[in-house]
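For reference, the structure is listed below as structure tokens.
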Amino acid sequence: MSDTAAIELLKRAVQLDGEQKYPDALTCYSEAIRMLLKVVKEIPMTEERKRTAYQQKITECMDRAEKLKESIEQKKEACVPSNITLRCPNNYVIVVRSASHGVAQISNTCSYKPGDCIVDSMNSISCLTDSTECLIYATKKLLPQCNDQYSSYFHIEYDCIPISMDDTSKEYNICQNSTEITTDHGVIRSPGYPTQFQLTTFECFRFIHVSDDKIIRLWLTDLYIDSNCINDHVYVVDNVQTYKHCGLQRYAYPYLCSSTIIIQYLVENTFKDYRGMRMYFEIVNRPVNDNCPKLTVTPVPSTTITVTTIEPGTTTNIPIYVLLGIASPTRSFQLCAGESYTIQCPMNYVIAVITNIFGVTSSDECELHDASKHCVITTSPIFLCGQTCFYMYPGNQLISSCNNTIAAYQYVEYQCIPIKTPLISPNTSCSNINIYIDRNGQFQSYNYPKLTNMNCTYHLQTKPGYIMHIYALDISLNNYNPICHLNKMSLIETTKNQSLDFCEQRTNSLIYSSCSNQLDLQYIIMNDLQSYSYGIKLYIESQAPPFGWSCGEEIVTTLTNPTIIQTTPTTPSKPTSITSLSIMTALDPVEYDICYNDTFIHTCPYGFTFMILNAFYGVKNQSLNKCEFIQNDCTQEALLTITQCQTDAPNCYLSYSNKRRLAHCLDKYADYLHITYQCVPSFP
């Protein structure tokens with residue numbers, strides 16, 4: 001091989017280095033080193049002086065490349081609250097490696113020191129675009145893990161990673177398994193990424209092999225697929241751990257031990273905004289002190305779903321509520337100022353927001369939602385959510401009823417509700433019609449989506465002893481005017497002399513829960529000349545009433561005229577989960593530490609599903625404790641890396657047999673795996 005190209009590339013690297021274009025310089029140094037190594041192999045052994053000169057130059061380039069690599073790996077620290085801006089050069093993307101709130105041992109300091117109590121805060125980061133900048137607002141947080149102290153600083157580490165290659169031979173398709181990966185760095189993409197998203201007809205596999213003196217560094221620089229990790233996922237497997245991702249993600253993989261890794265990619269659900277997957281890899285020298293185990297790497301087995309009915313003890317990777325075709329249990333999340341959250345429902349489901357609350361705390365800091373202690377307001381959803389929804393709280397909600405104070409947090413409860421259920425309403429004009437609801441169904445007004453003058457009463461009825469939940473998919477009767485007059489839908493309790501009127505509710509919402517198994521729905525249209533009104537579309541579901549059920553209350557107000565309700569000091573009533581029956585409620589969460597080489601085994605009672613709520617690896621701070629978590633241990637999030645116990649089975653078998661190295665804890669090996677689990681009802 002001629003050395004001309006290598007020398008020219010090395011000159012280019014030196015030039016970029018001098019211009020402080022360090023990421024580009026590093027790429028050129030790495031490529032020049034690879035080419036010079038090939039040149040050295042072709043120099044005859046008799047030309048010892050020439051071989052030595054080249055080897056010396058290669059060593060100098062490798063030393064400079066390592067220094068550049070260290071400088072490119074960025075760190076940011078700041079006192080809280082404050083704004084932090086992350087920056088990368090053009091054609092590079094920000095991938096956050098770690099983020100944490102910390103309590104400094106030394107007062108008035110804003111940087112990490114060994115011994116500080118730190119808490120993982122990756123959920124505060126929302127750098128999910130290909131922008132070269134990302135602004136993060138770091139708030140002061142109350143940290144229960146640090147003896148309920150407030151954080152004094154925010155620490156973040158991130159990498160600047162290339163998003164494309166000038167040399168197309170370094171760009172690979174994840175599904176072209178027959179093509180070997182031969183370069184020492186490059187980009188791996190899914191078919192059609194990013195603008196022509198494609199489903200996979202089979203699970204795609206990619207193997208990256210390196211010699212024993214090398215390791216693979218890997219970044220997931222973009223992922224946007226369905227959040228159902230069973231049918232849509234990216235797995236990265238080395239000989240110690242399996243990493244699982246789905247939904248909207250970016251991730252810097254920690255130290256990958258093995259000389260072979262397997263990347264698996266499967267997508268079976270589509271959505272207009274999905275992009276697919278993009279990764280960047282590079283092959284570097286293995287550290288001298290590496291002690292990775294020599295094990296065989298095997299793919300994660302593919303899962304085929306064949307369950308169509310549910311019997312006691314059935315195990316399935318599809319959520320039970322999807323198999324039953326009913327609404328999900330009520331879920332919730334909380335946002336502090338500057339934080340964001342993406343809701344993702346399964347295919348053929350949409351998001352129904354149950355509660356949207358803003359809260360003011362006495363400390364003006366972001367604390368866990370507690371309506372009995374905080375001054376809060378409840379408002380209607382402010383935008384329409386489909387299968388997916390992105391929430392962000394910028395921290396600017398002024399609450400006049402709480403002394404004109406800015407809310408410290410936003411709290412949201414929601415459900416995923418099905419949109420492809422049997423139609424239970426007849427498409428006829430009428431006077432009185434009886435409708436029986438066995439489990440659930442969809443109700444549409446006559447001639448929907450077109451208004452027709454009519455006056456009709458529908459008698460809704462379900463099983464004796466059951467109640468009905470009414471969800472609005474679309475109530476548009478009055479051209480966005482919330483004052484009901486000529487056009488309206490009324491819900492009338494047959495056991496109580498009361499009526500609730502609706503004429504505008506264009507967001508998916510739970511609007512009413514009945515007192516008994518009977519409810520009258522009156523539909524009156526006296527003015528069908530409404531250009532932007534279409535009628536009503538409802539989802540109705542019956543269930544046994546939960547214990548202590550508070551019935552016959554309007555759940556949400558109209559979109560265009562949200563009502564502010566001060567709930568201090570009482571707690572507002574909230575809809576009970578579909579699975580929260582009087583005879584079956586979720587058991588209390590339990591925390592458990594799995595020591596190295598130990599195994600955790602647990603079986604929930606009949607009719608319950610085992611669920612891991614939280615998990616993290618820990619490095620013990622003191623040698624006195626064997627392996628259990630105590631305050632000030634260094635921890636790193638582990639929930640995304642656990643592939644066991646993620647089905648709807650009642651039992652769990654989870655071991656910690658291969659030691660995990662924690663990049664967040666100075667590359668020390670974890671002493672234990674700490675999990676929080678709960679047994680939740682499986683059946684309605």
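Yeah, the Cβs are placed from backbone N, Cα and C, and that goes for glycine too.
TrEMBL labels come from automatic prediction, so no person has curated them.
Feature annotation from TrEMBL assigns coiled coil to 51-78.
Long-range Cβ proximity for CYS229 (disulfide bond), meaning a same-chain Cβ under 8 A and a gap of 6 or more residues, is found for LYS244, HIS245, CYS246, GLY247, GLN646. Among the features that TrEMBL reports, disulfide bond is placed at CYS229-CYS246.
Annotated domain 'CUB' per TrEMBL: 175-284 (among others), in sequence order. Each residue of the domain 'CUB' (175-284) gets a DSSP state, and the totals for helix, strand and coil are 0 helix, 52 strand, 58 coil.
Helix first, then strand, then coil: DSSP counts for the domain 'CUB' (430-541) stand at 0 helix, 62 strand, 50 coil. As annotated by TrEMBL, domain 'CUB' applies to 430-541 (among others).
Around the Cβ of CYS246 (disulfide bond), 22 further Cβ atoms fall within 10 Å across all displayed protein chains.
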